[in-house]
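Engineer: I'd like to ask some things about the structure below.
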Amino acid sequence: MLAFRKARRKLRMGTICSPNPSGTKTASEVCNADWMASLPAHLHNVPLSNLAIPGSHDSFSYWVDEKSPVGPDQTQAVIRLARISLVKKLMKKWSVTQNLTFREQLEAGIRYFDLRVSSKPGDTDQEIYFIHGLFGIKVWDGLMEIDAFLTQHPQEIIFLDFNHFYAMDESHHKCLVLRIQEAFGNKLCPACSVESMTLRSLWEKKYQVLIFYHCPFYKQYPFLWPGKKIPAPWANTTSVQKLILFLETTLSERAPRGAFHVSQAILTPRVKTIARGLVGGLKNTLVHRNLPAILDWVKTQKPGAMGVNIITSDFVDLIDFATTVIELNDLLEDRALTKC
């Protein structure tokens, strides 16, 4: 029965976003653009905090500018070292954690975005940029790309988690929040009870965007959710075994109500990791060989009040990450049918 439902769900949402001459589907070509709209009706009333939702780590880092100044998120030692042009090229290999653009991630099924932002030295127009060691695209450009997708897919809901701010004073925050408001308008969902956030309740009000803002500035705007409503425990390890143990432990400690929960299924390089794999970069040195084990862990999980909710990964296109997370929701379907 479960196999039949999975096949049916793939017919509904597993279409191809772009043709592949070989006839096979890579992870980046499987299109889950409308997976939320395609969930069975009884899941429309399940709180989003109880669904399995795929997300990406450092979601914006598919492009970073090696010609820009080093970001204020780096130490003074790194900033001084980066005066050597080769250093920035190497930094780029370790700053990029995604291959897909926002649009491509959305089409692949990603619905949670991990965002770090900063002002840029020398800019006088208060423009805000994404940042991960090096500066990425303008936040405004990213927001517009996301909004264009949402307009075309009115039943898809996204989480934008602004969790790190660098070199930003109150005027920068005001500028950023006004940009968010201008980009999404009536799609913005006001902060309220987490348990009341279901697909049906959001669809009825035409809300599509939940903004989490890890800064006291959130109190000034009703559509900014406090960061404490979406905890994302960080393992900070290069060991996949330690990562999985950490994920299991933090899930067991998850609050059953009042917050979403992010399981960061990511490995973090240490200085010696970078030194050993300097030229290879993050993807080739640490991520690629460990992703299969991480995906195997994901496959063993169940969503629900005490189960997984949002799961994030680096390089979400390298494996069938998003589809694997989405299909965990079939387990909620199983439970519902068992009770009938």
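Note: Cβ is positioned from N, Cα and C throughout, glycine not excepted.
So Swiss-Prot lists these for the protein:
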ACT_SITE  HIS57  active site
ACT_SITE  HIS132  active site
DOMAIN    42-215  domain 'PI-PLC X-box'
Engineer: Return the count of C-beta atoms lying within 10 angstroms of the C-beta of HIS57 (active site), excluding that atom itself.
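Structural biologist: There are 23 such Cβ atoms around HIS57 (active site).
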Engineer: HIS132 (active site) has how many other Cβ neighbours within 10 Å of its own Cβ?
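Structural biologist: The answer is 25.
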Engineer: Should HIS132 (active site) be counted as helix, strand, or coil on the basis of DSSP?
Structural biologist: strand
Engineer: Can you tell me the CA-to-CA distance separating HIS132 (active site) and HIS57 (active site), as a whole number of Å?
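Structural biologist: For HIS132 (active site) versus HIS57 (active site), the Cα atoms are 11 Å apart.
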Engineer: Over the domain 'PI-PLC X-box' (42-215), what does the predicted model average in pLDDT?
Structural biologist: 94
